[in-house]
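**Q** Structure below; questions to follow.
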């Protein structure tokens, strides 16, 4: 009988930690996979049409390890870029997501601890996740479940069909989190920046070239640096190809294919728990420029939930209970009086039906306020449900300003 390389590796790893035992391809049956496992996205891999994709990552062979710098609200240790996720991107363009509903777990993620700790006895892994893989709303388990359901179900080399028949149930889920944390621990972004003299501060800014040089030199390839609306460091993405199965941990750094949105100079790196102060430059009577700091006092980004309701707002501004929450971005207006809200769809505002909506067609959406974690519009903080499109799990419902005739709720960040 032929076994995939993944099946044998999983069998060897079932009751040991990856750091406790080393094995090589020579331990595996010679006819399981190519002797020299292909590198994902390489010409060699693309020509192996008849080779089981349990042997190498396909078609999503670009592997990203992504990290957050969540400074407001402060999330995770003060000296750590926290884990965002382990993602697989297509070799050409785009990325798969939610690839196999049969493998998904409950979005609350409560089962994850019992699988990792109770079933596999790996309390060390669970503790590492609790320390470094943080959700800025404090819902770590839900965040882990989201990352597994969206990305972990898409890796070809840890599909359940790749494992031996006597492999324990949930081995693929356990392997996803173990591999993600293992790679994360090899990419200490905070330490690499600190070694180059780049540390969190509100008293100075850094250039893009300084940050790139510090990280690229350590990683061995160009990394992707993402900034938020305040020109503060927000995320770091590390791109890889992988040789053979994910279980071999043979990740090969490659240059980022994404382009930074950070400015060439003036990049902020605020300490956690502090606000990245936007700067306004004005001319003094002597002709020199003066920098004025205006604290925003609001989070740079957040999900938007409804008080007393499940679900959240998606990027078009509608309420949805079955999909992924949208990340909303918040910025004080120049006069510091109101808030501009954006999603990936564009600026958010109130339409003619007094419904909250976000799109590129919206303009001048700066009449929002945030008070005690609640979103208001022109000092109105109560909202109601509006019209619904679709049905069942795909239904999307608009939210509108309350008029006193409905059961109202609040929009919470």
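Note: Cβ is positioned from N, Cα and C throughout, glycine not excepted.
Residues annotated as signal peptide in Swiss-Prot, with sequence analysis given as evidence: 1-18. The disulfide bond annotation in Swiss-Prot covers 33-55, 41-91, 54-162, 99-154, 227-262 and is backed by similarity to another entry. The active site annotation in Swiss-Prot covers 84, 147, 151 and rests on sequence analysis. According to Swiss-Prot, the feature N-linked glycosylation site maps to 128, an assignment based on sequence analysis.
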**Q** Determine the Cβ neighbour count for residue 84 (active site): the number of other Cβ atoms within 10 Å of its Cβ.
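**A** Around residue 84 (active site), other Cβ atoms within 10 Å: 21.
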**Q** Taking Cα atoms as reference points, which of the recorded positions 41, 91, 128, 154 is nearest to residue 54 (disulfide bond)?
**A** 154
**Q** Return the residues near residue 99 (disulfide bond) by Cβ distance under 8 Å, restricted to its own chain and a separation of at least 6 in sequence.
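**A** Listed in sequence order: 153, 154.
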**Q** Out of 84, 147, 151, which of these active-site residues is nearest residue 91 (disulfide bond) by C-alpha distance?
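**A** That would be 151, nearest by Cα distance.
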**Q** Give the distance between the Cα atoms of residue 84 (active site) and residue 147 (active site), rounded to the nearest whole Å.
**A** 8
**Q** Counting every protein chain present, what is the number of Cβ atoms, excluding its own, within 10 Å of the Cβ of residue 41 (disulfide bond)?
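**A** Around the Cβ of residue 41 (disulfide bond), 23 other Cβ atoms lie within 10 Å.
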**Q** To the nearest whole angstrom, state the Cα distance for the pair residue 162 (disulfide bond) and residue 262 (disulfide bond).
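**A** On Cα coordinates alone, these residues lie 41 Å apart.
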**Q** So among 128, 147, 227, all listed as recorded positions, which is physically nearest to residue 55 (disulfide bond)? Use the C-alpha atoms.
**A** 147
**Q** For residue 154 (disulfide bond), just count the other CB atoms lying within 10 A of its CB, please.
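**A** So the number of other Cβ atoms within 10 Å of residue 154 (disulfide bond) is 22.
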**Q** For each of the disulfide-bonded residues (162, 227), count the other CB atoms lying within 10 A of its CB, then report the residue with the highest count.
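**A** Comparing the disulfide-bonded residues 162, 227, the most crowded Cβ belongs to 162.
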**Q** Taking the Cα atoms as reference points, how far is residue 151 (active site) from residue 128 (N-linked glycosylation site) in Å?
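**A** Counting only the Cα atoms, the answer is 20 Å.
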